[in-house]
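Novice: Pulled the feature table from Swiss-Prot, pasting it below:
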type	residues	note
BINDING	T229, A230, E231, E282, T383	L-serine binding site
BINDING	R259, K260, E261, V275, E349, V350, T351, S352	ATP binding site
Amino acid sequence: MLDLKFIRDNLELVRENIKNRGLKLELDLLISFDDERRKLITKIGELNALRNENANAMKDNIDDSSRHYLIEKGKALKAEIMDLEERLGYLTSRLLVEHKRIPNISAPDVPVGVSEDENVVLKVSGNIPKFDFKPKDHLEIGIHLDLFDFEKAREVSGNKFYYLKNEAVFLELAMINFAFSKLKAKGFDLFITPDVAREFIVDGIGFNPRGAESNIYKIEDTDKYLVGTAEITLGGYYYNTILDLKSPLKMAGLSHCFRKEAGAAGQFSKGLYRVHQFSKVEMFCFCRSEDSDRIHNEFLELEEEIFTELEIPYRVLNVCSSDLGAPAYKKYDIEAWMPGRGENGDYGEVTSTSNCTDYQSRRLKIRYKEDGQNKFVHMINGTAIASTRTLIAILENFQDAKGGVRIPKSLVKYTGFDYISPKN
């Protein structure tokens, strides 16, 4: 979250940022809570000073009448302090709720927009394949090649679940190994993270764990949630820690990701594109404030490198203000070309990377020492590989007229085969 002093000192900037993000928040309510809280803290301090004076006066050699008066005065002061502290506790909790709703300040070069249609294309890379046949979408390809089964998954688990089968199993594992090998060579520490996180960690990362708008699953009768991304478990790894940040601390984590995807429907959400469970390799970095823009750009370069080596055409987007998550200062999306998307093919999101500055670290109390002072770290996240959407892009871009699919050269050493043959 933002520093409260920063909010008070920059009210118009914060107000404009809220407007640009398409949010309706009661900033004045936050300030009124803080004003009253400050007054209460001052008043409680004054009353405690009076109570101490009263207690010291009772140590003097005084008559019974004066002692009785001081005792009653002490009781009255104690009762008043308790009442004010109860009010202070209530105000502090209300203040925290409103405070957490305030999004991060957006970077100066974030485009202002009201929908994802106003995301700005920064770069287009790769050659869109030209087929001498009508290309199939990944659903047709996968069913024909016996790579996944949605019907059985619907019976067993419900809508938006799937079984991966046969070569698709090797292909998913190959993508994960490919990403991990690349990130290990780039100096990342590798993790397989828990698929469950406590509520205060989920909340600290900036995911809203409660309410109808929540996109993650709560485990009943616990304070735990299934994670929607390893960003949650990697970001929480150093909760309440003071780090020795001689250099940026880079981590890469594999997790299953669970999403409710409530209300998601339509042709662009079919098949593997929007599902309740998938695997993802996530990149994460804890760094000093002066390094975060550079690391953010490095994460984008890594994502581009991955999709270039997978031979998948893509474009890079500078995400507009209303499409930013609350923690993000700036965000890039990569969209891969998917020939089976829509009538004539279209781009679909496959990765993103966000610089969240110190928004998450303030909630999670993750700091570093500099010149004898504790400062909040900056936190950057990014997708290396999201299994399902990358699988879509591979199946659709590398299909051939015979109904088979070529495997990208960079994955062959991990799959052990270079072609998925049509089934008779």
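Positions of Cβ are set from backbone N, Cα and C atoms, glycine also.
Could you place these features in context, so I can see how deep they sit and what lies close by?
Specialist: In the shown protein chains, 28 other C-beta atoms lie within 10 A of the C-beta of E231 (L-serine binding site).
The number of other CB atoms found within 10 A of the CB of S352 (ATP binding site), across every protein chain shown, is 21.
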Novice: Quick one: among the binding-site residues R259, K260, which has the most Cβ atoms sitting within 10 Å of its own Cβ?
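Specialist: Within the set of binding-site residues, the most crowded position is R259.
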Novice: With an 8 Å cut-off on Cβ distance to the T229, A230, E231, E282, T383 Cβ center, who else from the chain surrounds the L-serine site?
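Specialist: What remains near the Cβ centre is I232, L234, G253, S255, C257, K280, V281, M283, F284, N381, G382.
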Novice: Please give the L-serine site's span as the largest CA-CA distance among T229, A230, E231, E282, T383, to the nearest whole angstrom.
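Specialist: Per the listed residues, the maximum Cα distance equals 10 Å.
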Novice: Quick one, of the binding-site residues T229, T351, T383, which Cβ has the fewest other Cβ within 10 Å?
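Specialist: Among the binding-site residues T229, T351, T383, the sparsest Cβ neighbourhood within 10 Å belongs to T229.
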Novice: Find the longest CA to CA distance in the recorded ATP-binding set R259, K260, E261, V275, E349, V350, T351, S352; express it in Å as a whole number.
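Specialist: Overall maximum Cα spacing for these binding residues reaches 19 Å.
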Novice: Let me make sure I understand the structure: which of the binding-site residues listed (A230, V275) has the fewest other Cβ atoms within 10 A of its Cβ?
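Specialist: With the binding-site residues A230, V275, fewest surrounding Cβ atoms within 10 Å: V275.
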